[in-house]
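Following: one structure in structure tokens, then a few remarks.
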Amino acid sequence: MPEKKGSADAKVLHCSFCNKSQHEVRKLIAGPSVFICDECIDLCNDIIREEAQATARAAIRSELPTPAEIKTFLDQYVIGQTSPKRMLAVAVYNHYKRIRHGEIKGDEVELSKSNIMLIGPTGSGKTLLAQTLARMLNVPFVMADATTLTEAGYVGEDVENIIQKLLQNCNYDVEKAQRAIIYIDEIDKISRKSDNPSITRDVSGEGVQQALLKLIEGTVASVPPQGGRKHPNQDFVQVDTTNILFIVGGAFDGLEKVIRDRTEKSGIGFSAAVRAKSERGVGELFSEAEPEDLIKFGLIPELVGRLPVVATLDELDEAVLVQILTEPKNALVKQFQKLFAMEGAELDVRPDALKAISRKALKRKTGARGLRSILEGALLDTMYDLPSQGNVSRVVLEANAVEGVGKPLLIYADESEAASGEKAGRGEVRDAAA
């Protein structure tokens, strides 16, 4: 017979963990010969949640490459630019750490995004740095040219086309696209034409900056599915850009003058100003860039504020260009040696030829970007003839061939072709024009 409520003989149940009675707690849940109260359940949940968060934080640290590891990877492909590489490594590490941090529930601290601006001369490695970062982190990457962008409604591409390209790159996997890296090149070409707000509509300058602003700071962009055109009754793909890392780059021709004018205002006397101008190069001046200089150059203050990490790249000198030709993992000379090896020939680029190529690139003011066209031009005739000549074992490129006053030397493996007087087995050295 069940005990009556309020009976003196009624057994009072207690929590098996905290020993509180059933009258001191809201709920007491029974198990096989044990009881647990709602307060102990809450405590257990808190302990499990804390352990899960600690595990998640440890996973973040273990999965993400450290800034030092990121820089080491960049060193394999990009020569020099130590300071920009360190800044990029820290910024990218913090960005993806921030994304993982946002996945941990229960943390009230919200971390803001730090997008990146790269300032440097043409061919100094801005695009290569961004591409190499994306490859290391195994995230989608898309590159856009700011000069092709116009305000929505005008002829040209609007800023949402960038997101459309990104989706196409990752097969419309929205989750993957929302962790991508977007590089916008030639950002300096959309600077407004004067310091004063535009009176007339500037559809490819300040207007584009305003459109980019929303995308960079984080918004939900509506993109037509599978690259279709927009129309009112269409279902759009929604992409949140909050966790997309934006890197913008530009040569900023003329910015050095803005910086020089600001920094030399305090100079006393004519000789001080002249000496300062002669001693400081473009790269050194760029390193002194302040937000006010970028605004004076023509970027709107809101956009400058959304790009807090500013990395300036140095000008490339002859020695660095020689290193770029030979040292990176996918160095240009190594690429051409691979092409020649496919034809059974060894390519030997002499040190004087490397210097001649570098000097030519400096003269053209194309930086590292011009190295390929110069090397290709020097070897073009040889690459044309080589597949038809099966007995060439070695091609030697010297400075005179780069400068256009000679041709690469061909060394033939067939001893019967050797000129009289040459030692047997030494092979014949012939001019490529022969």
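For all residues, glycine too, the Cβ spot is worked out from N, Cα and C.
Because the structure is a prediction, the values reported are computed rather than measured.
Sequence annotations record features per position, and here Swiss-Prot assigns Zn(2+) binding site to Cys15, Cys18, Cys37, Cys40. What Swiss-Prot lists as ATP binding site is Pro121, Thr122, Gly123, Ser124, Gly125, Lys126, Thr127, Leu128. According to Swiss-Prot, the domain 'ClpX-type ZB' annotation covers 3-56, on the basis of sequence analysis.
Known features from Swiss-Prot, placed on the structure.
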| residue | record | DSSP (3 states) |
| --- | --- | --- |
| Cys15 | Zn(2+) binding site | coil |
| Cys37 | Zn(2+) binding site | strand |
| Pro121 | ATP binding site | coil |
| Lys126 | ATP binding site | helix |
Query - Additional residues surrounding ATP, by Cβ distance to the Pro121, Thr122, Gly123, Ser124, Gly125, Lys126, Thr127, Leu128 centre under 8 Å - result: Gly120, Gly249, Leu313, Gly367, Ala368, Arg369
**Report entry** Cβ atoms near Cys15 (Zn(2+) binding site) (within 10 Å, other residues, all chains)
**Finding:** 21
Report task. In whole Å, note down how far the CA of Leu128 (ATP binding site) lies from the CA of Cys15 (Zn(2+) binding site). Result -> 64
Report task. Using all protein chains shown, find which of the binding-site residues Thr122, Ser124, Thr127 scores highest when you count other CB atoms within 10 A of its CB. Result -> Ser124
Query raised in the report: Average pLDDT across the domain 'ClpX-type ZB' (3-56)?
Result: 80
Requested in this report: Between Gly125 (ATP binding site) and Cys40 (Zn(2+) binding site), find the distance joining the two CA atoms and give it rounded to the nearest Å.
Outcome: 59
Report task. Measure from the CA atom of Cys40 (Zn(2+) binding site) to the CA atom of Leu128 (ATP binding site) and give the result in Å, rounded to a whole number. Result -> 56
